[in-house]
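The next block holds one structure in the form of structure tokens; read it before the comments.
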């Protein structure tokens with residue numbers, strides 16, 4: 001059954017993108033503050049796990065408002081959660097893939113210079129665009145492809161930090177690092193577009209889909225806590241080092257996660273990437289004012305490229321609120337570049 005077309009105004013899409021960008025920028029600055037200002041550093045893995053729990057409860061609350069009564073809410077949860085193990089398994093895929101991505105990114109950073117890592121990891125932006133074309137049967141114009149690679153370059157320059165000589169020498173395996181970064185890039189593109197495909201391929205409520213994904217997310221992140229910091233958590237406690245500021249960071253991450261799903265549902269993953277790039281620029285500017293970070297020429301040039309790429313990609317293009325039907329007559333070349 002084809003999903004019904006949902007009429008969403010341009011103003012609503014802009015609102016969601018703007019809020020998502022501002023929340024992400026605020027989250028980055030607040031997170032940095034909690035990691036440098038707190039005397040007793042909290043466990044980051046526990047914060048991620050709690051974020052998933054909060055997103056789950058928020059989604060249940062919004063679904064309750066959407067259904068209109070407790071009875072209909074319970075019926076929806078029973079049918080879509082308890083009665084749909086296959087759907088739960090389907091939505092566990094992004095959580096598992098994101099977990100793999102994070103571990104591969106850590107492995108890559110351990111085996112590559114920071115500068116090399118910064119450049120290669122931004123390949124997740126064009127990789128997401130490629131997954132969008134291949135998995136959603138969507139086409140991008142030459143200008144849009146150009147803007148995607150411009151964004152990739154802009155983000156690289158914004159985050160660029162010259163290599164510094166350190167006294168500590170680490171044994172690195174560049175081939176292992178490049179292999180790990182390749183897997184991380186592919187995971188990033190695949191997981192985001194896979195979730196978008198699931199959202200837009202059925203008429204199931206967005207909040208039901210979120211609940212399905214966050215349930216698996218809680219399991220995956222809790223396993224991450226046990227594997228990475230289990231002994232320390234048992235010794236010091238799950239909420240060790242938590243303050244009101246840490247709670248604020250977790251709340252921002254939770255709200256940002258919900259807005260991200262709305263953006264993916266009603267725009268696409270590429271726009272989500274552009275929003276994330278804008279958030280990086282905004283958070284860096286805020287860091288200049290709050291933490292005394294120095295603006296560099298590479299940052300200024302990168303910020304300019306990000307702004308131009310956002311403008312170019314935002315020029316009139318095809319509707320991305322739904323998946324385009326697959327046409328056997330369309331060649332692979334036409335799918336990659338729509339003349």
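The backbone N, Cα and C atoms fix where each Cβ goes, and this holds for glycine too.
Copied over from TrEMBL:
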{"type": "TRANSMEM", "residues": "12-30", "note": "transmembrane segment"}
{"type": "TRANSMEM", "residues": "42-64", "note": "transmembrane segment"}
{"type": "TRANSMEM", "residues": "143-160", "note": "transmembrane segment"}
{"type": "TRANSMEM", "residues": "175-195", "note": "transmembrane segment"}
{"type": "TRANSMEM", "residues": "207-230", "note": "transmembrane segment"}
{"type": "TRANSMEM", "residues": "242-262", "note": "transmembrane segment"}
{"type": "TRANSMEM", "residues": "274-291", "note": "transmembrane segment"}
{"type": "TRANSMEM", "residues": "297-315", "note": "transmembrane segment"}
Same-chain residue ranges lying at least 6 outside the transmembrane segment (175-195) that approach it to Cβ under 8 Å: 91, 93-94, 97-98, 100-101, 104-105, 107-108, 110-112, 116-117, 120-121, 123-124, 127-132, 135-136, 213, 261, 264, 269, 272
The transmembrane segment (274-291) versus listed stretches 12-30, 42-64, 143-160, 207-230, 297-315: most Cβ pairs under 8 Å: 12-30
For the transmembrane segment (297-315): best-contacting stretch of 12-30, 42-64, 143-160, 207-230, by Cβ pairs under 8 Å: 143-160
